[in-house]
Amino acid sequence: MQKEKNKKQSSLSILFMAGVQPYKNKKNEKYMNTKQIDHFKKILIAWKNQLRNDISQTRLNIQDKATNYPDPIDRAVQEEEFSFELRHRDRERKLIEKIEKTLKKVENKDFGYCESCGIEIGIKRLEARPTANLCIDCKTLSEIREKQILG
């Protein structure tokens, strides 16, 4: 239950960060029309900019906190903190690459459709994870296969 609540909060935080409200479909509205494309483009660009700002801030923080402690334990703690921050930022860098790939799909009008089966991914799923490239059914199958392979 708590995990589901956190997912919903993180999905909403992406929308909040972009300064947009959840998209409201209108009756008989064409999927991935100009209005929807603009909605997701705004979300993706804001998300990418936020991640870039976070990465820049981390660099500044590491430079500010870099101290040569005489105590080896203090140095080890500091190195571990820096290592953790850098791993976190590396994940964010990879996410930026995924966002840029998704923005190219938006430009090429390939956005919003499952790469595996070609059906619509859906507005709500894309708002929850704008970089999603599989519909929920194909993603579920992919995760089941992954569990079977990895044990």
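Positions of Cβ are set from backbone N, Cα and C atoms, glycine also.
In Swiss-Prot this protein carries:
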BINDING   CYS114, CYS117, CYS135, CYS138  Zn(2+) binding site
ZN_FING   114-138  zinc finger
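Mean model confidence of the zinc finger (114-138) amounts to 96 (pLDDT, 0 to 100 scale). Sequence-distant neighbours of CYS114 (Zn(2+) binding site) (same chain, six or more apart, CB under 8 Å from its CB) are GLU120, ILE121, ASN133, LEU134, CYS135, CYS138, listed in sequence order. For CYS135 (Zn(2+) binding site), other Cβ atoms within 10 Å of its Cβ number 20.
Neighbouring residues of the recorded Zn(2+) site, listed in sequence order and excluding CYS114, CYS117, CYS135, CYS138, comprise GLU115, SER116, GLY118, ILE119, ILE121, LEU134, ILE136, ASP137, LYS139 (Cβ within 8 Å of the Cβ centroid). It is CYS117, among the binding-site residues CYS117, CYS138, whose Cβ has the fewest other Cβ atoms within 10 Å in the structure shown. DSSP assigns CYS138 (Zn(2+) binding site) to a helix in the three-state reduction.
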